[in-house]
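Asker: There's a structure below that I have some questions on.
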Amino acid sequence: MADTAVQMTGVGDVDNNVSRTPVSTRMSFSSPRRGATVSFHNINYSVKMKSGFMCKRKVTQKNILIDGVMRPGLNAILGPTGSGKSSFLDVLAARKDPAGLSGEVLIDGAPQPPNFKCLSGYVVQDDVVMGTLTVRENLRFSAALRLPKSIRQREKDEKVEKLIQELGLSKVANSRVGTQLIRGVSGGERKRTNIGMELIIDPPVLFLDEPTTGLDASTANSVLMLLKRCQSPNLFCIMIYIFSCAAAPHKFLCDLINILINISYFVEFLCQIMKISQWRKLYFIYILYTDYLYIWLEQLSSSLKGIEDRLVEEYKNSASYKLTKSELERITQGQDYSTRPKSRTITYSTSFFHQFNWVLKRTFRNLMLNPQTSFAQIGVMIFLALVVGAIFFGVEENSSGIQNRMGALFFITTNQCFSSISSVELFITERKLFVHEYISGYYRVSVYFLSKILSDVLTLRTIPAVIFSCVAYWMIGLKASAEAFFIFMFSIVLVSYTATSMTLAISADQTVLAIANIFMTISFVFMMIFSGLLVNLPSVADWLNWLKYFSIPRYGLAALEINEFTGLKFCDMTNVSSTLVEVCTTGEGFLSKQGITYSTWGLWQNHLALGIMTLIFLIIAYLKLRFIKKFT
């Protein structure tokens, strides 16, 4: 079963000498699709595998050793689970971490350019495509960012329409791809959309990681037929490259296929005589291999030599090994590429502002088409505002009014903090999509980061906070002045921004949503303790009192208290010696007991602190995103 595939599109003579023309770091889109010959020499990739618990953890080293060549056409990498197919494919595609990697991959006899992963196409195993967009919109997005800006948008749209016809997606071009909550196209159509997003740049090499996984037989056949149509029918070939027994002795069956590969020539001859199709030929090869396997195992059981040594010896004596070795020597011609440093560079076909325009539009459209994240949150905020307004409705200017005001302001502040936890999935849910698009040269990290921040801040933080303020402020009956109202609104919006940026800073490098949620919840609970309501901050011991400076609710609550209590007078009628006496206290006096400076600077220093914390958290989030592990 072909788990991974490499397609060198185009027509070429496999018997001709390999050209040494260096691979260009830019692509020409006016020329017809041309295939490339990929050869790999002395590839040695070492990876450390950990198993067991921390106290009894074992570290073993696994090596992948391979040489070979892949000519223009359709090439497949076969092997059982764990044999290193995906790792080998990533090495060929320059998407594997250079650490622990030696050897050289040549394209038409020349070393891979540093930006090879941006010039080639790579279809990952798990479909990475924006499910809320239509098939046409996804292809237009890929064309807009991966094709050079010198190509006019009309020409890009024409290329997209032509590709839709070639992929057989005309009937579903205006249908959404689909998400867990949105029904979309079928699995095969989704896979073809992913392939189309890579074919849009006419790559000389197209890599596909398990393109038929999860598909039924009919859908898998349609995907493979699509790949067959993308290159010359005369060059359709299945090349089996399994690692040598010296590197993986426990995979003797895979190495056996390498020994039996010579039978392919005999099968090819029979297929031409009997006019058997390519797909039946594969089945025919499988039958012959299976029959030969039992015969070979019976002979091997009587042999005194080990399985590994026998396989290595037979493979080295095969014509396939000698042919591959001679071709590899002809390509290198004695030159040593093994000492060249492996450099990985990402290049872009479009400018920063062009990328920002397209990514921001896609992000906003994705939000608008996800009602559970946008409209639902606004609805929840309106509901909470009505509940809070009803509970604290019409607060009075007496001692109970002080308690009710403090309770309402505390709830509003903490609610803004805990509501921001919804942004924890901002980078986690699209992590695979971002990594794939970034290393493929779609856009810069800064473009993606700014687009996500702006869309989340404007849609899910600002609008709900403004609506909440308009409903809750007047229902509660807080200070009736325009200045106080807008300071109130600005304060809770800023609290929401700071809490959201902290959430992003914690979750930017996380892969599991539940773990990020736990970190955020614990952080906000500790911050809530030092907010100024649950404990009188001046009474806290000095060795713990410094923790209040890291509390987001403290700054927000202090700003709201200063804005609300200054200028107010709270009076109660108290019975003193059978005489009712009016006892009054000022809002400034109450703030002083709480250890809050109620001057103008005392108010705005809280906003300044929240702004500085927001900036620091956003920088941390960006750096985490910038240096996230992008190699496999």
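Just so it is clear, glycine is given a Cβ too, placed from its N, Cα and C backbone atoms.
Model, not experiment: these values are computed from the prediction.
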Asker: TrEMBL lists transmembrane segment for one of the ranges 235-253, 482-500; which is that range?
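Answerer: It is 482-500 that TrEMBL describes as transmembrane segment.
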Asker: Have a look at 1-31, 156-186 and point to the one annotated region 'Disordered' in TrEMBL.
Answerer: 1-31
Asker: Please give the average pLDDT for the domain 'ABC transporter' (38-297) in this predicted model.
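Answerer: When the pLDDT values over the domain 'ABC transporter' (38-297) are averaged, the result is 72.
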Asker: Considering only Cβ pairs within less than 8 angstroms, which of the stretches 458-476, 482-500, 607-625 has the most against the transmembrane segment (375-395)?
Answerer: 458-476
